[in-house]
Structures are given as structure tokens and as C-alpha cells.
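Enquirer: As annotated in TrEMBL:
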BINDING   76-89, 282-294  NAD(+) binding site
BINDING   96, 106, 134, 224  substrate binding site
BINDING   224, 248, 252  Mg(2+) binding site
DOMAIN    4-353  domain 'Isopropylmalate dehydrogenase-like'
SITE      141  site 'Important for catalysis'
SITE      192  site 'Important for catalysis'
Ligand SMILES: NC(=O)c1ccc[n+]([C@@H]2O[C@H](COP(=O)([O-])OP(=O)(O)OC[C@H]3O[C@@H](n4cnc5c(N)ncnc54)[C@H](O)[C@@H]3O)[C@@H](O)[C@H]2O)c1
Ligand SMILES: CC(C)[C@H](C(=O)O)[C@@H](O)C(=O)O
Ligand SMILES: [Mg+2]
């Protein structure tokens, strides 16, 4: 049976990096007989321009029908001044929420070839392999009420709300423990339980879930300390589980330990392991249209798609191996460039991964 994949290139560098990831997916499909069937639509600013909304109903319906979704990135200055309810980012939040993609996996893995591109000393990052499990459909991004209003004294005020229910915490904690069990058997839950009520409940529920995982070593850490520990001694972490906003911030931070935000893929999964796959970075308006963006995070997101949505481990491994070989060849986009390497653009990097994959 063919695998239906909806491709949403999005905005800025989105179409550039997705084009390379699709080339890699096509080759993997042919080589491993995956039988993928691609269709395309718009999300974010591109959808606003085409449909007048960042996520059209028909696009959402196509996403529901698809077996998996490949996304580039959304947003950009062109849409910064439109009605905030129609911003490109709201389309992304809506698709995540409507498909209940609550489990966001963001692996920060250092390819040894990129040790010099990391912002930390080689001995601090060598062998780094962290998985951040971010809650993706709750918390302050979605909490109601959220409002901007005028106070009686004429001052403008705005607020957001940070709710977490027990069931939301339990299901993401379970993903964290399951992942830890498959990896180094260490889970660090990151919160702000010294201040926030939502974090106090978070910690309580994570402790309850821990009873089913006696083989996993659980620790708790406040998010401010976690941010510091990530740059002090990142290898102390195996799996981190955390809320929506903390996970957003910590994953961008962790990306630099691996050399560049252009290296960090992600999977956003629901209970049926239906997934949306996208790089962790944004639409990078500062380099869009120049053909210089790093496509590897998106290519590695395809690998995650094959692993998590389609259980095609051999094909997923092969893509990761092809990426590693290309790095061995000394090819680098600007963001991971180092002395003695050859700087290439987005397309050349994608072509090199395709060639390596074909030759495996
Ligand atoms: N998942 C998403 O769609 C997503 C994620 C983050 C930000 N955004 C949106 O993207 C827009 C820009 O946001 P931002 O500038 O804060 O973050 P960004 O991640 O787009 O860019 C931050 C910096 O990283 C660089 N960068 C990002 N991806 C790169 C790549 N593949 N190769 C090389 N360099 C890369 C950019 O050039 C920029 O200097 C905003 O509208 C934001 O809301 C979208
Ligand atoms: C664009 C934005 C809504 C999004 C988020 O904060 O989740 C992005 O930063 C991400 O990391 O995927
Ligand atoms: Mg982010």
C-alpha cells in the first residue's frame, strides 16, 4: 500500500530545503520500495497569500488523510504586521493542535565531523546525543484566556495563560520515559516548579508515571539551571522532557551544541504515531532565496519520518549514513563551515546526500 505524504514547503527557506529533502525521500523510496505518494499544499504565509488564512480547512483535511506530513518552515517579515490571529505561526499551531501532535521529539546529536562547528569545546560535546521531548499542543501557547486589553488607567495590558491538565502531562511524560527506556535510561524532567503551579502539577504527575519505569533514572531540574547545564556539561543529559515553551527554547539552545540549528530535525507525533516532520529552525528570512540554507535538518526529518511513522529503520539509517558520508567528504553549508572544508549551497548539499544514498 502506498504511503501518502503531504508536503508543506511553507515560507522563506522552507521551499528550498524541502526540495532537497524530497529528492532524498524519492531516492530512499525507490531504493527501499517504500511506495511514497506525494501531494503538496501551503501552510503559513504562503497559505495566507493563497487562501487568506494560514491553514485552510481543505489543507487540514488533506493533512488528516495523509499518513505523514513533511513541513519546511513558516513565517517572515512579510506577515509580521497582519492580524495576529492570521499570522503564519498560527497555522502551524493549529495543525499541530488539530492533529493532536503532542509529542515533539527533537534529537540533538553531534556528528563527530562537526565537533569544530560546535560552540563548545570538543571535549565537552564529543559523543553528544540528547533527545528533547517537548510537549507540543498545550501550555502557554494554547491556554485561554489570552488577551490584549486597555486598562481603566489607559495602559495597554496583555496576558497569556499556562494550563496543563494531568492527562496532558501523563501522556508526554510517558513518551519521555519510553524514549529513555530505548536509549540511556535517564530522564530529566525540566520545569519551573519553584514558581509555577502548572510546573508543580507537572512534577507530581511525572513522579507518578515514574512508578511504571523503575528501570529509568528520573531527575528534575529547574529550567534556568537546565539552560546553564546544557552549555556547561551537556553530556549529563540523555532524554529531557519538558513543556511547550521551555522545549522550544531549550531545543534551539541545544542545536548550537551540534554545530548549527540547520542540523536539528524533529518529529511531532500523536497517539497513532501519525507524524509531522520538520526542522526545528524557522524560515530564516535573512538567508531566504539565496540557495545557501542548510537542508540537512529537513533531510534528517525525512529519516525520522521513515523511522517513526513507517517503521522503515533500514531506510532511515541509510539517510543518516548518507548525511554522515557527505560530512566526511568535507562538504559544508555556510552555517557549519570549517577550515579545510568545501562550502556548498543548499542544492549541492542535497545532491551530495542523494549520491551518497544511491551508492550505499
Ligand atoms: N517551525 C517553524 O516553522 C518555525 C520555527 C522557528 C521560527 N519560525 C518563524 O521563522 C521566522 C524567522 O524566525 P527566526 O529568525 O527567529 O528563527 P530562524 O530559525 O528562522 O533563524 C534563526 C537564525 O538561524 C539561521 N538558520 C535557520 N535555519 C537555517 C538553516 N537551515 N541553514 C542555515 N542557517 C539557518 C537563520 O539564517 C537565522 O540567522 C519567524 O517568522 C518565526 O516565527 C518558524
Ligand atoms: C514558529 C513557532 C510557532 C514554533 C514554536 O514555537 O513551536 C517554532 O519556534 C518551533 O520551534 O517549531
Ligand atoms: Mg522554535
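Every residue, even glycine, has its Cβ placed from backbone N, Cα and C.
Where the annotation comes from TrEMBL, it is an automatic prediction and has not been curated.
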Enquirer: Using Cα coordinates, what distance in whole Å links residue 252 (Mg(2+) binding site) and residue 106 (substrate binding site)?
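Expert: Cα of residue 252 (Mg(2+) binding site) to Cα of residue 106 (substrate binding site) measures 10 Å after rounding.
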Enquirer: Within 10 Å of each Cβ, count the other Cβ atoms and name the one among the binding-site residues 76, 84, 88 with the highest count.
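Expert: Compared across 76, 84, 88, the most Cβ atoms within 10 Å surround 88.
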Enquirer: Work out how many Å separate residue 76 (NAD(+) binding site) and residue 248 (Mg(2+) binding site) at their Cα atoms, rounded off.
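Expert: So the Cα of residue 248 (Mg(2+) binding site) lies 18 Å away from that of residue 76 (NAD(+) binding site).
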Enquirer: List the Cα distance (Å, whole number) between residue 88 (NAD(+) binding site) and residue 134 (substrate binding site).
Expert: 21
Enquirer: Reduced to three states, what secondary structure does DSSP give residue 292 (NAD(+) binding site)?
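Expert: Where residue 292 (NAD(+) binding site) sits, the three-state DSSP reduction gives coil.
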Enquirer: Listed recorded positions are 80, 84, 141, 192, 248, 288; which sit with C-beta under 6 angstroms of ligand 2?
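Expert: Near ligand 2, sequence order: 248.
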Enquirer: Could you list the residues of the same chain, at least six apart in sequence, whose Cβ is under 8 A from the Cβ of residue 80 (NAD(+) binding site)?
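Expert: When sequence neighbours closer than 6 are ignored, residue 80 (NAD(+) binding site) has 87 within Cβ distance under 8 Å.
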Enquirer: Which recorded positions are spatial neighbours of residue 134 (substrate binding site) here, meaning Cα within 10 Å, out of 141, 192, 248, 288, 292?
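Expert: Cα filter at 10 Å returns 248.
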Enquirer: Name the one residue among 106, 224, 284, 288 whose Cα is closest in three-dimensional space to that of residue 248 (Mg(2+) binding site); these are the binding-site residues.
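Expert: Comparing Cα positions, the closest of these binding-site residues turns out to be 106.
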Enquirer: Measure from the Cβ of residue 106 (substrate binding site) and count the other Cβ atoms within 10 Å, all protein chains considered.
Expert: 26
Enquirer: Looking at the binding-site residues 88, 248, 292, which have a C-beta within less than 6 Å of some atom in ligand 3?
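Expert: Close enough to ligand 3 are 248.
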